[in-house]
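Here's what TrEMBL has on this protein:
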type     : residues : note
DOMAIN   : 17-83    : domain 'HMA'
DOMAIN   : 98-164   : domain 'HMA'
TRANSMEM : 188-207  : transmembrane segment
TRANSMEM : 227-249  : transmembrane segment
TRANSMEM : 261-284  : transmembrane segment
TRANSMEM : 449-474  : transmembrane segment
TRANSMEM : 545-565  : transmembrane segment
TRANSMEM : 922-944  : transmembrane segment
TRANSMEM : 950-970  : transmembrane segment
Amino acid sequence: MIEMENFTRQADGSDRKELDIAIGGMTCASCVNSIEGGMKKVEGIYNASVTLTTGRGRFVFNPKLITPEKIAEEVEDMGFDASVIGEHQTYSMERTEESADLMISGMTCSSCVHTIESAVAELPGLLSVSVALSLSKGHFKFDPNKTNIRKIKEAIEDLGFEVTLPSKVNFDHQKEHREAIRKWLHSFLWSLIFGVPCMTIMMVFMSRHSRKIHDEDLIPGLSLENLLLFLTSTPVLIFGGRLFFIQAYKALKHRAANMDVLIALATSISYAYSLAMVIIAMSLRLKSPMVFFDTPPMLLMFISLGRWLEHKAKSKTSEALAKLRSYQAVEAILCEMDKNGLITSEQSIEIEMVQRSDILKVLPGAKIPVDGIVVSGLSSVDEALITGEAMPVPKHPGDVVIGGSINQTGVLILRATHVGQDTALAQIARLVEEAQTNKAPIQKYADKIAGYFVPMIISVSMITVIAWIIVGYVNPKAIDDSMMADHGTFMGTKSPVVTHHPMTQADRIHAAMMGVHNTSTNEDPHTKHPSGTLMESMDEKIFEFAFRCALSVLAIACPCALGLATPTAVMVGTGIGALNGILIKGGEPLEIVETIKTIVFDKTGTLTKGKPQMTKVCLFVDHSLCSIGKLLALVGTAEGSSEHPIAVAITSFVKDTLEIETFATCSEFIAAVGYGLTCKVSGIEPLIDRYEEKDRLKISIASPDMTLSGVVVERLPLLENRSRGPSPVDSPAQAPQVYTVLVGNRDWMRQNGMDVSEDVDQKMMEQERKGHTAVLVAIDGVVTGMLAVADAVKPEARLAVYTLQKMGLDVFMLTGDNRRTAEAIAAEVGIKKNRIQAEVLPSQKAEKIKRLQRKDRKVAMVGDGINDTPALAQADVGIAIGSGTDVAVEAAQIVLISNDLIDVVAALLLSKKTVRRIRINFMFAIIYNLIGIPIAAGALRPLGLAIDPWMGAAAMALSSVSVVTSSLMLKTFRKPTRRDLETSEYLNSLDSRIDPDADSDLRSGSMSPISDGVIEFEGDDSLARRLRDMARRNRSHMEKDYRAVTIA
């Protein structure tokens, strides 16, 4: 063992880790309580949380006091199967230590061990290495920022040894379900094979008894019916009931009680009582008694059938998690590249060997192995499995790709950025697992009830026996002969009850021992008769009915339904959410969402796209003096030398519009902070020629308005006759080759000697009132145009806000921007002015949420940035946009993978639907037990309503299956689309989004025909029709923007 000298750093919080353990053998909530209660008493364990449906337990422990293997042993000692899945730190930080195991073959002696340890220890970043000759295994600790497991593997292979990854032992929940389904199917088949003959025998003899046909005993004390029932019930008890008895024994061994204890008690008591009565009757040579041999086969048959169906249904609740795991690739193609970017070698490696910064090749049709950035290649990628985006997403160099998505058309070369458990897919799966493990508050109450349930049922069963025996002797008529006629020989004789001078039990036993059979209650017990019974007819009826009611209580009681009500719904709901790009972290946020009355949106990056974009272009001179193409080419080239966010928005728009990659020549560039820039631009002719070849400028000749790349372009020749100085374009022959270009605000123009007219100033103010930034463009001393840039509102934002308001939620906006911008954005998305909180510092956002909560409101916060993290944590439910920062995602309880606000609506709808299903399940489980147990105990016997134990078993099995099936109904949830939410009422409200200038044109009916979807309006059209047409036009543009945003 070699320890590196610098291996002294200990991460904060290393004394507290989390451990996941797969737990088998749990049957109901009582098992959960037993494990949690017992494990919390173990030294070194701080907390324990066990979930029945996932078969998983999470334990927070101190690794200095107890090991993961010891924790698993403690669980096994409690009578359950346990296997370690994995452990991890409970804090989040940049990892500086990782460990890995490698299998090493070819070692022959301790010298080989020393050779390997010495060679590997020289690798930079290696913290410790330990090689075990007997196990042919090496354990390595290293700094992942300096080395990786592949380099360690190559170093050992260079020494002449063979190295492989150890076989992975991953917890397969579906496999666990399959094994449980197989076992319960076998149990059901054993019960069925002998249970059906048992039912047939019982029905045949009931029919014979109803016709007053009574068979003679085969031998004194043993009738043919009891013999046949004994032969069918014994194998069922041994083979069909084995699983129940094993689990019941383990539970009782640790002083716990669960559902298996009730079943074991019901079957064993009925069988033991019956066997004892028959043996006593045979030994005393009495008439064969009424027994309960039919109860175990029928009870076990129905319960094992219910368990089989229950596990089949439960296996479907975890399908979503299994599907997420199946998306992970198993291999990757590792490439080596030279300095020129050419691939020199390729090799296929296991996905576990991929490290950060590796260059990987992805072929068409293959899964992208890890998260990364495209280095070269063009393709489209199907991300529907991860983000829910239906359309393939184009990928270019520099674009981010998600591990698990499918490459479709071209070959991609990418650089790995996140590997292993850091990939988006792995984190999604982890969030879903944690969500399904975390308990909803209502589940904690259910588990507490289940902890007292079984002892309470046993007590009720004992009280039932005692009560009916007392009632039977005090009021014999309360137990009617008709209730006893359903069980063959249990009926005894049909002679009326003689109450005077009854024989005592001692007299009957004495008579039987003396060989006297069948004595009348008026006769001397020493007088011989052909046959006798151990009890009088009425005694037998009383005890039979009392025991039958007690067994029915044990059979019908069902803590399983209580235990399954919440976790199955949470599992299905969170799974469906994950498949739709909505990650809900457990049952608690699900329940809180139901009570949410206020929802607060951050502005930047949440309601808006989070980066400046062009919103409007105005041309102030005639087309003959300066075309749109020329204006864009000049301003794009000028801004191409600036890194300001506004410049980035302008250059991006120009490149998309002119379809170019590079600009013309820019010289003498000067930027004045807070004002603008000036420069000389030349060589724009090729850019203009290429643009005009596309024939896009015809639209500007026919109409004063047009749209380019979704941006409104206006021709307003305000300066046609007022231009001072040389015109931008005197004539094509005299067109200057070098242009002086100024871009900036009013002050910048005035500082450079140019006049900003009142008309131009008015156009700027129109944009500024909307919260947009307006900049002027001057070419060769003439103010030629204006560009408006803004953080554009997401196309679906208004629809999302409108839908939330219709759901009864009070929608607020919280932003650090100035009041004017905030009000402009709020007006565009439909948020009222008195619901705006503007100019709020990041540190004040959480305080604003607190103030809303003081008004007895449950508040949800939707945000994406680091500055939103305190507010997300303070809110009752934090909802993070998936494109946001990692810190925001960690602080939130709900994470939206897709950057689409419609998913906020979907998350709330799914949460409300899941909570409603939980309540339905829970109420069903409670009502079932509240009604079923009294009926089984015979409380409704005076009304003629009573049930047998096998009926109670069937009802109990049906209750568990019904709860799980009810939870599976959540699979019918479909995430709403924009088309679903765009009601006629919403479309009619879109007139508030119409630009004031366009609206004035509408009122005057002056708009002329233009292309790109703009509709021709005549002056005699009705205003209502024109508004509807305008709404349809806006909807069309929103659809285009939506697709563009989604693809981006």
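Placed from the backbone N, Cα and C atoms, the Cβ positions cover glycine too.
Ranked by Cβ pairs under 8 Å to the transmembrane segment (922-944), the stretches 188-207, 227-249, 449-474, 545-565, 950-970 are led by 545-565. Counted over residue pairs 6 or more apart, the CB atoms of the transmembrane segment (545-565) and the transmembrane segment (261-284) come under 8 Å in at least three pairs, which marks the two as touching. Taking every recorded stretch in 188-207, 261-284, 449-474, 950-970 and counting its Cβ pairs under 8 Å to the transmembrane segment (227-249), the highest total belongs to 188-207.
For the domain 'HMA' (17-83), DSSP puts the residue distribution at 21 helix, 24 strand, 22 coil. Listed as Cβ neighbours of the transmembrane segment (188-207) (distance under 8 Å, sequence separation of 6 or more from its ends, same chain) are residues 225, 228-229, 232-233, 235-236, 239-241, 293-294, 297-298, 300-301, 304-305, 307-308, 486-489.
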